Structures are given as C-alpha cells and as structure tokens.
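Quick notes on the structure that follows.
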Amino acid sequence: HPAVRRILILYAPIVVGLLVNQAAIWISYNLAILTGDNSVTYITYATTLYQFPLGLVVTALSIATLPTLSQIVSAYHAVKQTDTAAAAAHVQEFKQTLAGGLRLIIALILPATAGLFALAPAIIGLLLEHGQFTPQDTAVTAIALRVYLAGLPFAAIDMMLVFASYARKDTWRPAVVGVISIVIYTITAVLLLEPFGLYSLMVADAVKHFTHAMMMLWLLKRHLGGLRGFAIGQTTWKAVVASILTGLVAYGVGETAVALIPFSGFLGKFLIVALAGGAGLLTFLALVQLLSISEVQALQRTVTARLRRQKPHK
C-alpha cells in the first residue's frame, strides 16, 4: 500500500538515528572504562538523573505539540497551490505554535537545570548513597551530573526542533544532523580524555547537544525563516533570572539544612532535599508572578482548571 511505503520511508532515517545513538552509547561506555573501574556506574547514574527532567518536561511537551504542528502542515499543503495567502498564514501559525512550545520548554527546563545543579550532591546522596556507594562516589557522580547539565537546555530545545521537523515529514535532516553531532561528540571526547578523564564525556555530550541544536536552528531558519518576533528571547532572559535565583535559594537552604539538621541517614538526607527543593520551587513560582513569565502562568491556570473539574461535587 502506498501509505505503508510512505511510512517506511519516513521511519527509515529514525531507525538510522537510533542505531547511531546506540553506537554513541557504546563509544561512551568504552571510553568510560578507560578512565576507571567505577566510571560506568558514575556515568549511568548521572545520565539517569540528567534525563529525568528531559523526559518529564521536554518529551511530554514535544509529543503534545506534534499533532498540532502536523495538522498545520497538512492544512498548508492543502492550499499551497491555490491560495498563497492562506499558505503563508499556515507557515506563520506553524512558527507561532513551535515558538510557543519552545518558550514553555525554556521557561521550565532552565529552572529545573538550576535546581538539579544546586542539589546534585544532596539528591544523589539521598537516592544512591547506601551499601557500597560511598560519599566519594556521590561527589564524583555529582560533578559528572553538573557537567552534563551544561547541555540540558540545548537538548531540550533540540528535541522540540526535531519533532517540528518530523511534523513537516522531514526525518532525513535530523538523522544526518544526528550523525554529524555523534562524530563531533566522539572527536571531542577522545581529544579531552587525557586531560579531563571521565568528565571529558560529559563535556563532549554538552558540545554534541549544542551543535545539534544550532544545526537544527540553522535548518529551521533556512526553510521557514527562523523564529524572530515570537518573544523567545524575552522568555529566555526571564527564565535565566528566575533560574539563577531559584538555584541560589535551593543551594543556600540546602547548605543551611546540612548544618542545622542534627541527624544523618535517610531521613536527614530526605529533609535536606525536601526543604531545599521546596524553597527553590516556591522561589521559582514567586518569580513567575514577579517577572510575568506568561507561559508558566498559563500552564498553572490550565492545571488548576483541570483539577477543579476533576474535583468531585458534594
């Protein structure tokens, strides 16, 4: 059937991309082995924590945006030969929808990155520091996670751009960009392996996400004219300010809690993370209102409205 053939053609580059990613993982673990006996453990735990906000926030928003973008693309193709004005309007609608998704991702992923950076040792200590996993292991994993986090905002932006490309039924370009970024990752990791050891892999990962995102932005600008005029810069600077203050508050409360809580063990670690994380969250929510971060405000209203509708009536 022609439709099945079309699906296979679109899916083939995605399969190629998945295979390349698996190859990159294999390269990472083999390079990690060269840096020490426990390096694979450190990289595995740091990667798991790094991917948590990426999956919770970015993947969910990207998947939620994909159907809308696909519908706009279908509407564009339906009129592009007969109504140029309507086609141009659909292009603007596509860019506006994509920009809205990017603004929300930026507004959420930057404070998540700051909070995770500030509380990395405390979170890792709470989750992992038991049995044979020592405080020294916690310290090394925390550094690895913090270096990984340099690439998290770019990975978040990049994922939305890749889904936008899929909505346009363009799966080959993201696959090619992925191959190029893996080559860049491998070269960077090998060059930095001797001076930086294990952490060369995290630096290389951040470089990979940065270059991938920049290439996807360049392709977007080339094919759709870019996203100027959609307030992405305005949202970004507000999110940066909110994130810095959120991270500082979380770190300060965490350090104070370490000094004041009179007992250790799981309960003490839990209280430190809960107090510092809660203080960071409250700070961010207050700054959302103070700085008028409209994307998060709209999300808050949506969540509140749905919770009210689900509340059982007496």
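Counting starts with 1 at the first residue shown.
Including glycine, each Cβ sits where the backbone N, Cα and C put it.
Remember, TrEMBL labels are computer predictions, not curated facts.
TrEMBL lists 7-29 (among others) with the feature transmembrane segment. Residues 40, 43, 169, 171-172, 174-176, 178-179, 182, 185-186, 189, 201, 205 of the same chain, all 6+ positions outside the transmembrane segment (7-29), place their C-beta atoms under 8 angstroms from a C-beta of that stretch.
Annotated transmembrane segment per TrEMBL: 49-69 (among others), in sequence order.
The annotation transmembrane segment is assigned in TrEMBL to 104-128 (among others). For the transmembrane segment (104-128), same-chain residues at least 6 beyond its ends with a Cβ under 8 Å from one of its own Cβ atoms are 45, 49-50, 53-54, 57-58, 61-62, 135, 137-139, 141-142, 145-146, 149, 152-153, 156-157, 160, 232, 235-236, 238-240, 242-244, 246-248, 250-251, 254, 258, 266, 269-270, 272-273, 276-277, 280-281, 284, 293, 295-296, 299.
Taken from TrEMBL, the feature transmembrane segment covers 140-163 (among others).
Under the heading transmembrane segment, TrEMBL lists 175-193 (among others).
Non-local neighbours of the transmembrane segment (240-264) in the same chain are 110-111, 113-115, 117-119, 122, 271-273, 275-277, 279-281, 283-284, 287-288, 291, 293; each lies 6+ residues outside the stretch with a CB under 8 Å from one of its CB atoms. The transmembrane segment annotation in TrEMBL covers 240-264 (among others).
The transmembrane segment feature in TrEMBL is assigned to 270-291 (among others).
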For the transmembrane segment (175-193), sequence-distant contacts whose Cβ falls under 8 Å of one of its Cβ atoms, 6 or more beyond its ends: 13-14, 16-17, 20-21, 23-24, 27-28, 31, 34-35, 200-201, 203-205, 207-209, 211-212, 215-216, 219
